[in-house]
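**Student:** There's a structure below that I have some questions on.
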Amino acid sequence: MEQPASVNADPVQRSDRTAGRCTQWRNWSGFWLLGLCNNFAYVVMLSAAHDILTKQETANTTASTKATLAMDFQGGNSSNSSRYDCNPVSTAAVLLADILPTLVIKLSAPFVIHKLPYGFRVLFCAIMAATSFLLVSFSTAVWMSILGVVFASISAGLGELSFLSLTVYFSRDVLGGWGSGTGGAGVAGALLYSGLTQIGLSPQHTLLIMLVVPCAMLCSYFFLLVLPPSLPQWKYRDTEYAAVGSEDRRRLMDDSEEEEQAISTPEERTAGPLTLTEKLHVIKGLLWFVLPLGLVYFAEYFINQGLMELLYFPKFFLSHAEQYRWYQVLYQVGVLVSRSSLCCFKCRKLWTLSLLQVLNAVLLLLAVSYQFLPNAWLVFPIVFYEGLLGGAAYVNTFYFISKETEDRQREFAMAAASVGDSLGIALAGLAAFPVHRHFCSL
């Protein structure tokens with residue numbers, strides 16, 4: 001008599017497993033798209049940095065003809081006699097406009113952002129991203145372009161700390177989706193911008209086409225994710241960093257070790273807001289993650305915005321602007337590969353990645369100084385390797401923070417740790433200015 005009951009229960013169990021896998025896949029895909037859309041505008045602005053500055057310089061010096069403007073978008077910058085074919089303003093200016101608002105948000109928002117429900121955050125991020133594309137596309141002066149870049153930075157900064165905090169309401173594997181998506185944003189943004197401008201589409205029209213990205217962000221959050229009931233979607237919750245109910249977490253976890261590590265009962269998650277003392281204690285513990293991540297990104301963006309513009313080969317078949325764009329593309333491909341590797345490779349030795357990235361920066365600084373690299377073909381694999389290191393440092397940092405932080409502190413920790421990469425990038429932008437000034441004076 002018991003055997004038929006067992007047989008009859010099988011279809012229900014299979015149905016539950018199928019529904020669970022479907023939910024898991026939707027959430028992973030949703031975070032992949034959120035990562036893609038959140039970082040897209042940021043990446044495009046950095047890929048367009050050379051064009052943004054060249055456009056404004058040309059508009060100021062040769063306003064009498066539109067033909068010259070179109071030519072400068074695709075070619076080099078002929079207004080200076082430097083062997084490095086420099087813009088008067090370093091692309092680091094665009095980097096700083098792209099990262100400083102993000103840094104300010106990440107330093108302050110983790111202490112107050114819980115008062116703003118997630119639904120409103122996502123709407124605000126999408127509006128900021130769309131505004132940035134419009135401003136840069138229709139800009140007539142440097143300040144308008146920089147303002148557009150600032151809007152992209154606000155969108156990316158608030159989005160990153162919000163979506164990283166959001167992962168605590170889901171199974172830990174969505175971090176792999178988020179990391180892969182942010183890497184995909186790099187490839188998609190840099191490749192689409194470079195490819196569309198390469199085939200003759202103007203940078204203005206290219207940026208307007210990319211307005212579809214903020215719309216995709218809204219669709220992925222509101223329609224693709226399976227949001228748990230405990231998520232503060234539209235209303236402010238009274239209990240800051242409240243526990244995610246064990247029922248929600250249990251429903252989303254695999255039957256594997258992830259479930260055993262992540263599920264706990266409400267009694268185990270002490271309710272109530274984190275005090276300032278507790279937050280400072282969490283931040284102290286995060287330093288072993290934030291410092292190596294910051295160093296990786298300092299070296300990485302010192303290369304990207306301080307040295308890439310100077311790694312110019314006049315006799316190469318690509319123009320200066322085209323060389324710069326394709327450096328960005330290959331770097332982003334490396335980031336995508338390593339940020340998508342969490343499912344098969346994990347690295348806890350974050351300081352090793354930091355030191356390897358510093359060696360990369362030293363090598364390319366010497367290459368700029370002594371010009372011993374004969375052509376861009378040798379730079380391409382170095383830039384790809386740089387992306388591999390940076391992507392691996394990012395995704396492994398947040399994976400181990402999520403794994404090793406107590407449940408009640410995890411949401412705050414994920415948001416607070418996001419400052420690491422932004423701090424390193426901001427310092428790299430500041431360091432790039434004297435380097436740019438020195439080499440462009442030669």
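Backbone N, Cα and C atoms are what each Cβ position is placed from, and that goes for glycine too.
According to TrEMBL:
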| type | residues | note |
| --- | --- | --- |
| TRANSMEM | 31-49 | transmembrane segment |
| TRANSMEM | 118-136 | transmembrane segment |
| TRANSMEM | 142-163 | transmembrane segment |
| TRANSMEM | 175-195 | transmembrane segment |
| TRANSMEM | 207-227 | transmembrane segment |
| REGION | 249-268 | region 'Disordered' |
| TRANSMEM | 286-304 | transmembrane segment |
| TRANSMEM | 324-343 | transmembrane segment |
| TRANSMEM | 350-372 | transmembrane segment |
| TRANSMEM | 378-400 | transmembrane segment |
| TRANSMEM | 412-433 | transmembrane segment |
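Help me understand the surroundings of these features in the structure.
**Tutor:** Non-local neighbours of the transmembrane segment (118-136) in the same chain are 37-38, 40-41, 44-45, 48, 52, 144-145, 147-152, 154-156, 158-159, 162, 166, 207-208, 210-211, 213-215, 217-218, 221-222, 231-234; each lies 6+ residues outside the stretch with a CB under 8 Å from one of its CB atoms.
Long-range neighbours of the transmembrane segment (286-304) within the same chain, counting only residues 6 or more positions beyond its ends whose Cβ lies under 8 Å from a Cβ of the stretch, are 46, 95, 327-328, 331, 350-351, 353-354, 357-358, 360-361, 364, 383, 386, 389-390, 393-394, 397, 400-401, 413, 416-417, 419-425, 427-429, 431-432, 435.
Beyond the transmembrane segment (378-400), the same-chain residues lying 6 or more positions past its ends with a Cβ under 8 Å from any Cβ of the stretch are 164, 172, 175-176, 179, 182-183, 186, 289, 292-293, 296-297, 300, 303, 308, 311, 326-327, 330-339, 341-342, 345-348, 350, 353-354, 356-357, 360, 363-364, 367, 414, 417, 420-421.
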**Student:** Pairs of Cβ atoms less than 8 Å apart decide it: which stretch in 142-163, 175-195, 324-343 has the most with the transmembrane segment (412-433)?
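**Tutor:** When the Cβ pairs under 8 Å are tallied, 142-163 comes out ahead.
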**Student:** Would you mind listing the long-range same-chain contacts of the transmembrane segment (142-163), meaning Cβ under 8 Å and 6+ residues beyond its ends?
**Tutor:** 31, 34-35, 38-39, 41-42, 44-45, 52-53, 55-56, 89, 93-94, 97-106, 109-110, 113, 118, 121-122, 124-126, 128-129, 131-136, 178, 217, 414-415, 418, 422
**Student:** Would you kindly list the residues that approach the transmembrane segment (324-343) from elsewhere in its chain, counting only those six or more residues past its ends and only Cβ-Cβ distances under 8 Å?
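**Tutor:** Contacts of the transmembrane segment (324-343) (Cβ under 8 Å, skipping residues fewer than 6 from its ends): 43, 46-47, 50, 91, 173, 175-176, 179-180, 182-184, 186-187, 189-191, 193-194, 197-198, 304, 308-309, 311, 318, 376, 379-380, 383-392, 394-396, 399.
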